[in-house]
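Enquirer: One structure, pasted below without further comment.
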């Protein structure tokens, strides 16, 4: 009889625990897309977007207060009165502030290939400058912080060479790319609007400073019969 009683008890416990199994499921793609294209600046915004009543990870303040009052009441009845010891205050934990997608000042190191790709015996001054670039993170990894409007400006830098045992200085123009506006777009979408021309430009062509000529076909040389 005892064995059957234990089996019955285990079956009842399993019936209560079984609904909790399998609660964790894969996040729907629809939810990921909604998070990616929504403006979220705080945990409260995320809570409202997900339509969640409460945030997990902490105890309800009212329940904690009632429990502490009951504990103090029983403690005062059983334990004799002692000197009051100053209690340490709990450190308040601040909410994380997202690094939103926007333009920020970054340090751009001028590449030597942009000054003179044929030589290596020279110095650049200044070696780096400040530019505005799109930085920050988006709500999900499916989108990326990218520039939607850019601007180009030229600056003068000094190229120092050592010719015939004497330093030689030459001013060289360097074209810098600056970002004016940013947006969270898909990683595959890397085109943006240029402020000066109004055309869509590929970032790879802007960084190298080289443009491809289109509409010209190379003529093949005809071989003369021997």
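Here the Cβ of each residue, glycine as well, is placed from N, Cα and C on the backbone.
Swiss-Prot feature annotations, pasted as is:
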- 1-22: signal peptide (SIGNAL)
- 101-145: disulfide bond (DISULFID)
- 134-182: disulfide bond (DISULFID)
- 138-184: disulfide bond (DISULFID)
- 139: N-linked glycosylation site (CARBOHYD)
Enquirer: Run through the Cβ atoms and count how many others sit within 10 Å of the one on the residue listed as 'N-linked glycosylation site'.
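Expert: If we count other Cβ atoms within 10 Å of the residue listed as 'N-linked glycosylation site', we arrive at 20.
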Enquirer: Would you mind reading off the Cα separation of residue 145 (disulfide bond) from residue 182 (disulfide bond), to the nearest angstrom?
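Expert: Residue 145 (disulfide bond) to residue 182 (disulfide bond), Cα-Cα distance: 7 Å.
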Enquirer: For residue 182 (disulfide bond), which of the recorded positions 101, 138, 139 has the nearest Cα in space?
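Expert: Result for residue 182 (disulfide bond): the nearest of the recorded positions is 101.
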Enquirer: Express the distance between the Cα positions of the residue listed as 'N-linked glycosylation site' and residue 184 (disulfide bond) as a whole number of Å.
Expert: 9
Enquirer: Using C-alpha atoms only, work out the spacing between residue 184 (disulfide bond) and residue 101 (disulfide bond) and round it to an integer in Å.
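Expert: Pair distance, Cα basis, whole Å: 7 Å.
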Enquirer: Using Cα coordinates, what distance in whole Å links residue 101 (disulfide bond) and residue 134 (disulfide bond)?
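Expert: About 7 Å separate the Cα atoms of these two residues.
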